[in-house]
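All remarks here apply to the structure that follows.
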């Protein structure tokens, strides 16, 4: 019954694919975060390796460009002692018209164990997960506007590291929520982990009208949206996904929704500032904030390796 409801889980309720934070229980999310905590120290060792995925093959399939996410997945897999293969999509058979599932079938024939997939089409990792063998696992590295679960998880790890508990937290997610798969993954994870209040802040043109159904409060002014918040997650303006005149200009956006040191004082004195990257200084956030003591953006990047190690080690230990 559980497997039919959630394709990420096997019949025992164990994680076999990571496709979205939506539908994952608090216990599963906490298990991933706890496992990641055990891997953080690996990054500080002289020999930065553990043998958990020795003999396993991890294929990074990035149909969208990425530097940070692909690199951290590669580092994570290598630190688990896996063999890692980065498919050059621009030169692959996919660029010659081969279908997504045919590409997966051919790579599966090469004894792939884990596919890490980033794709511009929402649902592509789900499609792949439905067609792989029981011992093969799929990790979603971002699909369209839909989800970016490992970013959501590393955001949760970062919040827990600095704030210890979600129960009394007021969290604001600010910016281009309409096009953000990170925002959706964060919202699902925050509500499941019991954050006291999740706010979404942005111009009306960049905030989906149905967000209130996800249990969040919507604000259309930055000052009100971040007031008394414990955590502020800034989002990049995704101009490459925009069509039409959703914004007057980047300069006008910064005036209304750019986070400056002055505006940050409206949040709690010990508030932390996060950003999934890449950062556009002077558009969504001022350099003084990025380089200031309340920004934990580089910690997010560092913790991302441990979180992705946790995800791959957990799914690899379970079968459909």
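Using N, Cα and C of the backbone, Cβ positions are placed for all residues, glycine too.
Not measured: the values here are computed from a predicted model.
Residues or ranges marked as carbamoyl phosphate binding site in Swiss-Prot (evidence: sequence analysis): 68, 69, 118, 148, 151, 277, 278. Sequence-distant neighbours of residue 69 (carbamoyl phosphate binding site): residues of the same chain at least 6 apart with a C-beta under 8 Å from its C-beta are 62, 118, 141, 142, 150, 151.
According to Swiss-Prot, the feature L-aspartate binding site maps to 96, 181, 236, an assignment based on sequence analysis. Neighbour list (residue 181 (L-aspartate binding site), Cβ cut-off 8 Å, at least 6 residues apart, same chain): 142, 143, 144, 145, 146, 147, 148, 151.
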Task = Out of 277, 278, give me whichever of these binding-site residues has the highest number of other Cβ atoms within 10 Å.
result = 277
Task = Note the Cβ centroid of 68, 69, 118, 148, 151, 277, 278, the recorded carbamoyl phosphate site, then list each other residue of that chain whose Cβ lies within 8 Å of it, in sequence.
result = 66, 141, 142, 182, 276
Note = With neighbours defined as other CB atoms within 10 A, the best-packed of the binding-site residues 68, 148 is 148
Query = Could you give the Cα-Cα distance between residue 277 (carbamoyl phosphate binding site) and residue 236 (L-aspartate binding site), in whole Å?
reply = 7
Query = For the binding-site residues 118, 236, which one has its C-beta crowded by the most other C-beta atoms within 10 angstroms?
reply = 118
